[in-house]
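Novice: Structure below; questions to follow.
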Amino acid sequence: MAQRLLLRRFLTSVISRKPPQGVWASLTSTSLQTPPYNAGGLTGTPSPARTFHTTRVCSTTFNVQDGPDFQDRVVNSETPVVVDFHAQWCGPCKILGPRLEKMVAKQHGKVVMAKVDIDDHTDLAIEYEVSAVPTVLAIKNGDVVDKFVGIKDEDQLEAFLKKLIG
């Protein structure tokens, strides 16, 4: 009840305020004015036309939603897939994840990255024998072709990706 009263007083004081006076009043009133414009286009200057560019963003990283999604987007993928098994509470995962995403993005679509949270998808973690995080799998044509556990530097990640793409 007291919160409603306070909110009501605040809103009425904000709404009932007078416009600013003095130097700032002249600045705000002139800067907010629009030039006169005749619908016939003979007087005044219309604002320039706005252009919007709509290009499709190609994402190289995605979060796995469930088992069928993993099957469809990872196992059945024609493109090689790097699968990052991670957890929200895992410190090393927070370091490796962005590093790995950056390295995958540099491959320009030759490889994609799937992120699997082991707390949300324990069935996938068990199926792929993930015993520690971060665990990264390289999957090509539905088969695991390489794997590592822990943090790697960028040179090691690049070699890992080249081996997968190769």
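Placement of Cβ uses the backbone N, Cα and C atoms for every residue, glycine included.
Keep in mind that this is a model prediction, so the values were computed, not measured.
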Novice: Return the single candidate from CYS58, CYS93 listed in Swiss-Prot as disulfide-linked to CYS90.
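Specialist: Here Swiss-Prot pairs CYS90 in a disulfide with CYS93.
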Novice: Would you mind listing, in sequence order, the residues at least six apart from ASP84 (site 'Deprotonates C-terminal active site Cys') in the same chain with a Cβ closer than 8 Å to its Cβ?
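Specialist: When sequence neighbours closer than 6 are ignored, ASP84 (site 'Deprotonates C-terminal active site Cys') has CYS93, LEU96, GLY97, LEU100, MET113, ALA114, LYS115, VAL116, PRO134, VAL136 within Cβ distance under 8 Å.
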Novice: What does the structure give for the C-alpha distance between GLY91 (site 'Contributes to redox potential value') and LYS152 (N6-succinyllysine)? Integer Å is fine.
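Specialist: Between the alpha carbons of GLY91 (site 'Contributes to redox potential value') and LYS152 (N6-succinyllysine) there are 14 Å.
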